[in-house]
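Colleague: Below you'll find the structure I mean.
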Amino acid sequence: MRNKKLKVAKWEIKRNLQNKTFIISTFVTPAIFLFFLFIGSLVGGNDEPDMTEVGEGSSADHEIPVYVTGDEEAVESFQDIALVEAEVAHYELFDGPVSELEERAAVEAIAYVHIEDPTNATLVVSEEYTSPTMVIRTEVEQLLQSTQLEQVGVEQAERELVLSTSVPVQTISSSGDGNEWLEDIIPAAFAGIVLLSIIMTGMMTLNSSMQEKKDKMAETLLSSVSANQLMQGKILGYFVVGMAQVAVWLLLVIPFAEIFSDFTIIEHLFTPITLLYLLYAVLGYLLFASMYVALGATMEDASTASNLTGMMMMLPFLPFALVWVFISDPNGIVSIVASYFPFSASAAMIVRIVMLDELPVLEIVISILVLVVFVWLMMNAAGKVYRTAMLMSGKNVTPGEIIRMIRHKD
Amino acid sequence: MNEVVVDIKNVKKSFRTKKAVNDLSLSVSRGKITGILGPNGAGKSTMIRMLMGIMIPDSGEVIYHLDSHEKIPRSRIGFLPEERGLYKNEKVMDVILYLADLKDYDKEKAKQRALDLLVRFGLEGHEKSKIEELSKGMAQKVQFIGAIIHEPEFLILDEPFSGLDPVSQDVFKEEIQALADNGTAILLSAHQMNIVERLCDEIFLIHKGEKVVYDTVNNIKEQFSNYKCVLVNTDTTYPFNEDERVERVEVEGNQTTIHFHQDVHPLSYIRSFPDDLHWDELHIDRKSLHDIFVSIAKGEGS
């Protein structure tokens, strides 16, 4: 009796970790990811030097002339600093009225900085030149900041230290080191990967039940373990398999990502919010896996599944179809309803927590409660369906029979 | 040695409106082979599933006397289900060891015992073969090994001989007898009446979920073994079954078998044949267990 669940789990883990298809998919997925990362770095490789070399007179700074106009004193100060500190010689002073530059910007590719006073400057860039905008803006911002610092008496060396002009792109953000978004994205992306991976492995519980039914192993197994132990052992086993897959992916992808990008994944991965995301992922998995394991027991072949069963099999993928809705409108009615609908709650809440600066604690608590209650209900229903359906051979179980099994009192 | 291992007391089980098992009681003792017989749909598998705890009786009790705190001491029971099947993609030894592990049997002991049993069943060298690479009979032997690997005290065998060639049947028979001789209580469900007759100490015969007879093989034969008369190359149009002494008549090829009711001696019947009724051969015999089974299945002998 002792640890029968663990024995079943151990068997499922061993079978899958030795399964060639599983091994291939585990290693091929990150390989594909790394391949695209590599291709992306090759294709997008030109952008990065452009951005960092603008200040050094790269090709990009010749593409578009930049004019400076406005308050004479402020422009002078700006120009001094621009010439001395940023080595940016391509800014040109413009003596005419701003309206002229405005008209030119409408018809030709130019950019201009209109400085009304040291604290108030506007950068205007021709519409078709969106890509260098960021670079110019960064430099202009830096120069303006430097001008302001100079006016309050900060020495040049200190200004350089503060503004760190050698990495202009990173100074765009108003505060910090520019990587704050990683703090939100990385744990959520990790939870998303975990959720996706364990949903996929959750689907493997369906195949496992179906195969055991097809292989006519049900009675042999049920003579040694109870139906609930068998079902729970499978759910546990495939959870470990899913996590092992994620671990392999992380082990393979993190070093590459750290080397080929500026992401500091590890630093942002182990944060308290990751635990919350993982809780959602695990609850989602338990819900889906218990449903899948029971559905697997109702048929010997997925191709003969009834319409209802087929629809239920697709339910866990519903949130992935809605993920853009969650991202674009995290406080919209769809996102809020999805947060309380058990089959989409995990994904919806993970995305909403990332997208919203603040999400009421009550919403988080309610969605977790909804998931916990539905996991409990689903596991009970699945246990009833599983132990009866596994013994029915020769035909698929009809939806009516499934409902009768669930309603049957022990 | 008549130590009862399991008592089944007045169990009932219905599926919706159909009574699958109705008020059945049975005991299986150590060292004894009890045959559970009945036509298809008689309730044998339901009975066995209730014994294994796979199904719960609507009423009645299954009581094990195996010195265990568990209601169904699964680790002490071996079970070969009627439905043959094993993990097709897994290796023979892995499957056997997994089944032993589920029965809480020591892994090293299981490995050694599995190797011994594989040799005994003529499967030496197949421990690393995948189940799908084996013939149906070989896979059946592996499943049998899986059922007995943990040295069960109570063994349930549901149709162990179906699909086996005569040589393999003999191997199974010897093994089952050896297990019983070593004290294992065995409940055997089979349709091969000649084997049942030879192996079983007692028989529990059920039909449509009801008990028909539960006794030793000898007592049953005594009770049910009416006479039968076989005529070879006789006139099959002759109305043998119109006589009230005749229970039923079977015609198979050139043989006509007349089964008599209990206490009817065939000689008196044969004397009543008309002089012009021809036959080449005439045999008088007692009914076999097979005939008794057929009579009961057709609702004639109960």
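Backbone N, Cα and C define each Cβ position, glycine as well.
Found this in TrEMBL, in case it helps:
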DOMAIN    A:20-379  domain 'ABC-2 type transporter transmembrane'
TRANSMEM  A:21-43  transmembrane segment
TRANSMEM  A:185-206  transmembrane segment
TRANSMEM  A:235-257  transmembrane segment
TRANSMEM  A:277-295  transmembrane segment
TRANSMEM  A:307-327  transmembrane segment
TRANSMEM  A:333-354  transmembrane segment
TRANSMEM  A:361-382  transmembrane segment
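So where do these features actually land, and what's packed around them?
Modeller: Away from its own ends, the transmembrane segment (A:277-295) comes close to residues 187-188, 190-191, 194-195, 198-199, 201-203, 205-206, 208-209, 231, 234-235, 238-239, 242, 305, 309, 312-313, 315-316, 342-343, 345-347, 349-350, 353, 367-368, 371-372, 374-375, 378-379, 381-383, 385-386, 389 of its chain (Cβ-Cβ under 8 Å, at least six residues beyond either end).
Cβ atoms under 8 Å from those of the transmembrane segment (A:307-327) belong to residues 196, 199, 202-203, 206, 284, 288, 291-292, 295, 298-299, 334-335, 338, 343-344, 346-348, 351-352, 355, 396, 399 of the same chain, restricted to positions at least 6 beyond its ends.
Sequence-remote contacts of a segment are chain residues at least 6 beyond its ends whose Cβ falls under 8 Å from one of its Cβ atoms, and for the transmembrane segment (A:361-382) they are 231-232, 276, 279-280, 283-284, 286-287, 290-291, 293-294, 336, 339-340, 342, 345-346, 348-349, 353, 406.
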Colleague: With Cβ-Cβ distances below 8 Å as the criterion, list the same-chain residues six or more beyond the ends of the transmembrane segment (A:333-354) that contact it, or say none.
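Modeller: Hits for the transmembrane segment (A:333-354): 184-185, 188, 191-192, 195, 273, 276-277, 280-281, 283-284, 287-288, 315-316, 318-320, 322-323, 325-327, 363-364, 366-367, 370-371, 374, 378.
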